[in-house]
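Straight from Swiss-Prot, the features:
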DOMAIN    18-443  domain 'Ketosynthase family 3 (KS3)'
ACT_SITE  Cys190  active site, for beta-ketoacyl synthase activity
ACT_SITE  His325  active site, for beta-ketoacyl synthase activity
ACT_SITE  His367  active site, for beta-ketoacyl synthase activity
REGION    554-870  region 'Malonyl-CoA:ACP transacylase (MAT) domain'
ACT_SITE  Ser641  active site, for malonyltransferase activity
REGION    918-1038  region 'N-terminal hotdog fold'
REGION    1050-1191  region 'C-terminal hotdog fold'
ACT_SITE  Asp1113  active site, proton donor
DOMAIN    1686-1761  domain 'Carrier'
MOD_RES   Ser1721  O-(pantetheine 4'-phosphoryl)serine
Amino acid sequence: MTSTPATSLGDMDHEYNQDDIAIIGMACRLAGGIQSIEQFWNAILSKKDASGEIPEMRWEPYFRRDSRNAEILKKTTSRGYFLDRLENFDASFFGISPLEAELMDPQQRIALEVTWEALEHAGISVTSLAGSDTAVFMGVNSDDYSRLLLEDVPGVEAWMGIGTAFCGIPNRISYTLDLHGPSTAVDAACASGLVAVHHGRQALLAGESKLAIVGGVNALIGPGLTRVLDEAGAVTPEGRCRSFDDSASGYGRGEGASVLVLKRLSEAIIDGDKVLAVLKGSAVGQDGKTNGIMSPNQVAQEEVARKALSVARVDPLSVAFVEAHATSTPVGDPCEVAAIASVYGSGAGRPKDLPCKIGSVKPNVGHLEAGAGSTSLIKAVLAVSNGIFPPQANFQTPNRKMDWDNNSLEVIRGVSDWVQDRKRAGICSYGYGGTVAHAVIEQAPAPNFGPEDQVGDVVYADAAPYLLFWSAPQSQRLRETAAQLASWVGETEQPLADIANTLAYRRSQHQHRCAVVADNREEAVKLLELGSQNADSPWMIKEKVSNYGKKGAVWVFSGHGAHWTDMGKELLASEPAFYGAVSSIDNIVRDILNFSPLEALENGDLKTTDKQQVLTYAMQVGLSAVLRSKGAQPAAVIGHSVGEIAASVTAGCLTIQEGAFIVSQRAKLYRLVAGRGAMILVDLSPEDAVKELEEQGQTGAVAVAIHSSPNTCVLSGGIEAINELEQSLKDKHIQARRVKTDVAFHSPVLNELAEPLLELISGHIKPQQPKIRLYSTSLTQARGDNLRDEKYWIDNMIQPVLLTNAVKAALEDDFGIFLEVSSHPIIAHSINETIIEADSDGVIFPTLRRDKPSRKCILFALGKLHCHGAPIDLRANFSGDWTRDVPTTVWKHNPFWRKVGTGSLQPNKSVTHDVKSHVLLGAKHQVVGSDTTMWTTTLDESTRPFPGSHPLHGTEIVPAAVLLNTFLHTGEEYNALKDVILRVPVAMSAPRNIQIVKEQGRVRIVSRLQASEGENNNTESSWLTHTTGHVANNEWSKSSLDISATKKKLPSVKPSFATDYLASVGVPDMGFPWKVTEHYGEGDEMLSRVDTAPESSEKSIPWDVSSWAPILDAATSIGSSIFYKEPVLRMPAQIDEVAITPGSIPKVAYIHTTVETGMWRVNVAILNEEGHEVAHINGMRFSAVEGTPGASGSVESLVHQMSWPPAKLEEEGFQLKNVVFVSEQSDRVAAYIQDLQKRKVSTTVVPNPAGLEEQNLSSEGTIVAYLPSGSDLEEDTAKFSSTFCSEVLDIAKLLVNQKSPSKLWCITQGLFEAFSPSSLSQGPLVGLSRIIASEHPEVWGGLVDTDDESFPLQAVKYVKSVDVISVRDSVARVARLRPVPRSKIVTGREKTFTPTAEGTYLITGGLGALGLETAKWMVESGARRLILVSRRGLPPRRKWVDSNDDSAISTIRKLERLGASIHVVAADISKPDGAERLEQALDLLDLPSISGVVHAAGVLEDQLVAETTKESFDRVLAPKVSGAMALHQLFPPKTLEFFVLFSSCGQLLGFPGQASYASGNAFLDTFADFRRNQGDNIVSFLWTSWNGLGMASSTEYINAELEAKGITSVSRDEAFRAWEHAIKHDIHQAVVLRALPVEENGIPPLPILDEIAPRKRAESSGTEAVSKGEVSEKAPVPKSGPELKEYLQNAISECVAKTLRLPSAADVDPSTALTEMGMDSVMTVSLRKHLQTSLKVTVPPTLIWGHPTVNHLVKWFEEKI
């Protein structure tokens, strides 16, 4: 746009009404490389036609998808108006991960960026809209990307839902910008964009929103709709619009986005917005019943246009220009032009010689369909705002179907001026479904100038210096923005003040911020260029918003010594606020001291101490006034010495005049002692300085006057004493520097002034409580709220300045930004030392500097405050005009495009097999001169000929049933196969070419990897024969089977018998979804009822009805299970005959399997439900798969027991110097102390964690040892369990909060033996220990359980990074999981864990997911009487009819239909009376005595250790501990046949957030030991996650967390197979989990898995050799320093980039929060895995939560490496 005369207004013009809407911002992205409004306007004026060919990548998947597409796509219109790089998007700017960006419709991406640009064009800080009621209405109509992604069903992912939905476009904008107003997608076909504008207007008028973002977007990705429009004749083959032209034959489709920002005109004027145009009115209608739904309707268009004019209160004859829809269709254009003529032309009485101008933007940028209306509106706005009638592109000969001679309309051929005073335009839009929209706009109101105002060139006052801000979401972007600004600022004529204003409050303020302070344009450009080069300058600021930013800044008013000759002179002349503050105290100072502060500052008269004191105060209150006038406000204040007076004034305790009175009277008294004192700054801590004074006998003559920092202080006293002390310190090489003063401030020298000062100021001040936080440096308690009365100012004069205390208090209160308000920084260094000592990342910076330009310094300080994130009202300092011409955001685009799996097009092999028919028959070729037929196809993941998964050793293979089905389909005449040999499975590990060859009845399947083509192209060496056989057409006798009699003959077995068996031998999944619903027999004969499509009805089978593969797959799979007694994975190897009855494939069938006596040959008959045979497989032989574990081996891989091998001892032990015991005094404590004292280790005993507050836990070599001691009464178990956990948590929290180097050790005795209730109470500590070790390894030493009275010195000193240790016979041992050896199988046991029909079984947590699954399994296993105990219970049975949605009721009904009797008892056994209440409930049931108990009750409330509360912890602990003890009371040991506890392996592996849950489960494990010691038949199952069930049910996050720990979940069936397997072994704790494999020489993520994690067999290859070579040459990790930091930053950034799928580590901003870059909770688990692998350091699960950026992680790893 050449110029933008739109303006902000004072008073509204009388012709504008309250319903007028201001258009204040616009942006677009259109074909022809149009990226801005200016480029769009230039394209219109130059009549540019942006049409062209569609980019090749758009339709490429459709060429691959189906060979038939190629021919049709060649006939489809491929020309149109396309964006250059539709796939490009700046994902990182919006904090969107590459993975999510790839799954987002490009329309969402474009709309997001263009919306941002529109808001910037409007001069709105986008980030300021967060939380507002801003509305978003976006027109959208294309679902091309959605179809592309969702039709690739195997590739569908969760994010594709919102990522490709229409609603996702406005909703994504609202979500990203945190907008809370209406957010709606508008689909009105081609009218969508203008309808969205209408809805935005309505939302503003209704008061729903104060701002509306409206527009439309369109993307042309797939050919489908273009093909539709081709068929309908709507688009022209040339892909070019020719609106109003006689040659028009249809439209050219266009893509892009256009967005406008709307606000009520009255509010836009108040807000100082620059109005581009006024939306006077709009209307939307529908053409109703017409000749056809897609036929345009002239009458409807006229009606809607007149309604819009009526709403706008505009005379149609005052409208000089109409932007028509004008798609260039033969029917649409004449109809629309006639409607326009009726409303605006001759029909309205317009003279022919003054025609209404019309035009259409479509020949320039195409028909954007959903974005067409908003694009037309932008063109119209540009026309009225620039006062130009825009010329029509592609217009030569007027359309002869239009009555140009009489309609009083004229198409604009060339650029012409718009001379009317009041420029108005109409905009038309309609959709092919009948929606009609119309809008009326008017030029922006002109500004109202007063009579004295200059009209013409605006004269700006000199606002130098200038503060220019810019910011970015990531630090790397700052350079690009600086470069862009430098170039533009150097060329533009816009006033620098306007540019500064725009950047300050009309641009978004991101986390990474820069600022420069410049006196003029040349300096600004130079500084910006330095910023673009990442160089530094004294007047440049580069910061990231601090964590302390929101808290605000602490203003620190320093004391004596900051003065310099010309201080304040510049400010008196240029800052009214400064002059006002100083002048307000001038008379007071004159009266008391007989001099004028104003004159003294003007003349630089600061020679005497009294003037220095008063002028220090004057400068500070003046600077405070200036800072506040420029929008800064203190959040807290600190005063240093005399600076406390100005601090108290700033805090509201004193008036400025009271402060002046105090400082003047004090200064007058200082004249009495001037010349008698001196002060020196020394490099000694205040404590060391006191010792030094004592050594030299100077304590009476010299005082520690100022506690400057932890390592420095100021000494004050008489001149001789200071001289002597100074020399003595220098002799000791202790730095001492003179303070420029002749008064011994804050020393006994001033005692003589106390009474005179009190007398002088008494009654003259009325101190108030501070209005903001005020830290004292005169009181020992910095937060003291003492009134700043007369006594306070006496203390302030004499007592030491406790600056360090005040700064520490502020840091403890989470302040971190300090601004020294003084004429020169004199205490910044000291404050910085305190900040560093506190291990804070706080900052301190000055307001002014000696001999530097004062206004420039103040602006620099404001810039520092803002860049650190301190709240500032920027409008207070930047109050002038602004310009929308400041460049918008620089996008860093990367391509994001989902490559869908639509197959790969091969030369001459474009026809692939029919996936739904489950065959591999592709393109058919007849070999000339022979009877050989060949079919060729390509097999890969996208052409998988079966719907499920069929892995073998982790490699997906094609099921044998598909191969058999393929052979049967090689000819319609075939109904049988003979002599089938299945040699090698067809693997799907890589794309391969398949050939099916049929020759003289013999068929074979051969393949070759595509990767091998070209290498052996002329040989047969790379072709592999998989399966051979003969096809036949034989008559065969079909037998029948009496189904009912066979069922009675064979024993009933659970339906999952075959699939359970297959899973146990390593086949967890089936290639087809068949399901066994009934199963009989498990010996030499079996009968199975199979549903091949259990989720489908007879009429909706999800595959071709001609496919025999699903039922053949069930037959071959079930057939192999007949050998279950000798479990090993078997695959079909040979088949004598397969026979079928063509056309009679049943959905539900019976499979009758028999084995030939004495042979390994299986015969399978496939029968319909009447028992008639429809197919058979005879003579099927199997081959065992080498290396596949058998059934027992497979279950053994799930069930493990705990072992305790000796721990590895470190060569250099921990230097133990001090042990702080937390324990009651006891014989054990006494023995430990005596043992340690012999080894020269000091000891302290505190009775509880609170006692640690008084202990020094920061000294080297110190540990905290917690010794639990409880009661041997069983009834006290729950109480002490809670107490022990609570105390350990308190200690851990204290150490974490203090950042103490001391580690916590928990020392128990006899816990693992579990012979006493006391050891039982300690059981939860085992689980708690592992969670603390996981979340806070920095404070955890270990839990050590001992078997004697000796202190476990070996464990504490020499065992490193082990969370739990067992010391037995003085040997430290560590926990490891081991497989349960077969030698432990126990036979002939008297007791069992298997339920029977005679028993009564009780399940706690019985209505929970695991409880119900246990109930189902027990009934399946024979149980017929169950009692389900639950806290919530169920409604009375009479109400069950209304509770169909309750899964518990549904399950119970099913179990009762199976013959079981189910009783539900509502009882909370975690309560103190839980046992009694449960006993009463059982008595009422009057059932036989309980035979077995399953304790599955539990509650989960995840909380991190540092955040957990005792209430929450106990809620989780109680069901496990109190619940188990209640059952223990009801069912003493040896009174049950079995007792089963449901625990969790999470406490072994340290799952974060599960401190309470792990503690409860660890108790159950100890409880199992405790009862086992008493002869009970009990087992505790430490479960991993069950897929989709329980409190740790598998979710994406849980699965990722499990994998990070080195394990995975188990299925429900696997869990109960593990139960059955575990009961064969005499183990009391069965750990059930599946360990993930690691490399042959690799290390599992957790040491406890070391002995059970499978090892991958290393492959010897050239690639491996190269890899090893690369590893061996890898540079060593630097030891420390900058090299280590750089190494870690690169390594961690690479891990982050890998997790987020970023192009490279360079795209990772080390200071940006990972969540802002798009990382979610699942990704954090993956990142931990990458970090552990890369850096060989164990990473706590909570690390990334507490270390949110790469820089934070670098700091953590620096300490670890």
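Glycine residues also receive a Cβ, built from the backbone N, Cα and C atoms like all the rest.
Distribution of Swiss-Prot features across the structure.
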residue	record	Cβ neighbours (10 Å)
Cys190	active site, for beta-ketoacyl synthase activity	28
His325	active site, for beta-ketoacyl synthase activity	30
His367	active site, for beta-ketoacyl synthase activity	31
Ser641	active site, for malonyltransferase activity	26
Asp1113	active site, proton donor	27
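In the three-state DSSP classification, Ser641 (active site, for malonyltransferase activity) falls within coil. A coil conformation is recorded for His325 (active site, for beta-ketoacyl synthase activity) in the three-state DSSP classification, outside any helix or strand. The two recorded residues, His325 (active site, for beta-ketoacyl synthase activity) and His367 (active site, for beta-ketoacyl synthase activity), have Cα atoms 9 Å apart. On a Cα basis, His367 (active site, for beta-ketoacyl synthase activity) lies 8 Å away from Cys190 (active site, for beta-ketoacyl synthase activity).
Helix, strand and coil counts from DSSP across the region 'N-terminal hotdog fold' (918-1038) read 15 helix, 49 strand, 57 coil. In the three-state DSSP scheme, Asp1113 (active site, proton donor) is classed as helix.
Between the C-alpha atoms of His367 (active site, for beta-ketoacyl synthase activity) and the residue listed as 'active site, proton donor', the distance comes to 53 Å. Rounded to a whole number, the distance between the Cα atoms of Ser641 (active site, for malonyltransferase activity) and Asp1113 (active site, proton donor) is 90 Å. Under the DSSP three-state reduction, His367 (active site, for beta-ketoacyl synthase activity) is assigned to strand.
Residue counts for the domain 'Carrier' (1686-1761) under DSSP (helix as H, G, I; strand as E, B; rest coil) come to 52 helix, 0 strand, 24 coil.
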